[in-house]
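K.L.:
Structure incoming, see below.
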Amino acid sequence: SALLSYKGSVDRTQGGRALPSFVDFNLREEVQESTQIPNNGSAPLLVDVRVFVSTVFNVDILRYTVSSKLLLRLFWLDPRLAWNVSEHPQHAVTLSLDSLWTPGLTIQEALWVDWQGQSPRARVDQDGHVELYLALTTETTCDFDLLRFPRDQSDCSLSFYAFSNTVKELKFRAHVVNEIVSIKREYVVKDLKTQVPPKQLVPCFQVTLRLQNTALKAIIALLVPGEALLLADMCGGLLPLRVTDRIAYKVTLLLGYFVFHSSLVQTLPSSSSCNPLLIYYFTVLLLLLFISTVETVLVAALLARGDIRAKSSPSPGPRGEQRDHGNPVPNPEEASRGVKGSRRSRTEAADHIFFLVYVAGVVCSQFIFAGLWIWVPCKSAPPPGESAPHGGKPRL
């Protein structure tokens, strides 16, 4: 993953004590450059972080990315920046970031980050409390759980790391605030939470967004056409066994579904594990339509062959030769009609049985798919970084 960060810069100190901008100029001769984190004794410096999530947009399940806008409020204590109010009556000042220490933040999952504001400034009060606001727009990767697409729900994380410090020097305490006011999107944010992962080598905090698909677009564009084609195919089995009508109807449905399936493949996302169940579902529908079309062609071929045999049978002899010693002989024309009728009745019976079995198979497939949708969990393979013998994130 790309590592894109925001870094603060230089402190101005005198004997370990930072100086606000209004301090006497005679003291500035002793100011030395320093980028060291404020010393908090044996305990790490506590930085309180409040994350305001204003919007989440452009959820791209094909690229596995999420774009969002955030506002970070950082608050910590730097005793070196405190001053005596009796000498300097100002209760708070605003300083540029090149005059005090700020934590350098890196978003681990980010593809790109746009830190807004050309020269952000921090507010410092008389006691040395520093308050800094940082606004950013970012695009991050997300491992979507798409097994039940389009009713999928996924947790997307943004991990903020401070690689310039250790856990003995710096500690984060994070909170998140949901300020999303727009819900007119395909994916909506159902929950927000923060955590500080334990046993990390560097200070970090993590913001997790739970995204849920509203599914209306996918249901209208995918499920409704698929079910309509399947219902139309079952109704096609009620057509009489006429070669031209029924075969043309079935082949038209099959070709139409091929076009629908080709566009469907480009719409549905793919994954190395836990592919959407809809991919398997629409593949089963394609097989059912193919089997139904093949059965229609075979039945039509049997009927056509029977008609050809009936037409090519020898014509009946003279009527006088139909009797031998007064015993009646069956009429060959009537016999051929009887054989043709019996063959046709057997073919129609077989076609009727196939229709009943086909309808039962379609209904069973719907129930099986519903059961898989409800009860089958997604068991993804571990990522390479965690499955490798020496992989995984650095931990204590």
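Think of each number as a place in line: the chain as shown, counted from 1.
The backbone N, Cα and C atoms fix where each Cβ goes, and this holds for glycine too.
OK, TrEMBL features for this one:
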{"type": "DOMAIN", "residues": "35-181", "note": "domain 'Neurotransmitter-gated ion-channel ligand-binding'"}
{"type": "TRANSMEM", "residues": "215-235", "note": "transmembrane segment"}
{"type": "DOMAIN", "residues": "244-311", "note": "domain 'Neurotransmitter-gated ion-channel transmembrane'"}
{"type": "TRANSMEM", "residues": "247-266", "note": "transmembrane segment"}
{"type": "TRANSMEM", "residues": "278-304", "note": "transmembrane segment"}
{"type": "REGION", "residues": "310-343", "note": "region 'Disordered'"}
{"type": "TRANSMEM", "residues": "353-376", "note": "transmembrane segment"}
K.L.:
Near the transmembrane segment (247-266), which residues from the same chain, at least 6 beyond its ends, have a CB less than 8 A from one of its CBs?
P.N.:
222, 225-226, 229, 232-233, 236, 239, 282, 285-286, 289-290, 292-293, 296-297, 300
K.L.:
Using a Cβ-Cβ cut-off of under 8 Å, list the residues of the same chain that are 6+ residues beyond the ends of the transmembrane segment (353-376) and lie near it.
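P.N.:
Those are 147-148, 230, 234, 237-238, 277, 281, 284, 288, 291-292, 295, in sequence order.
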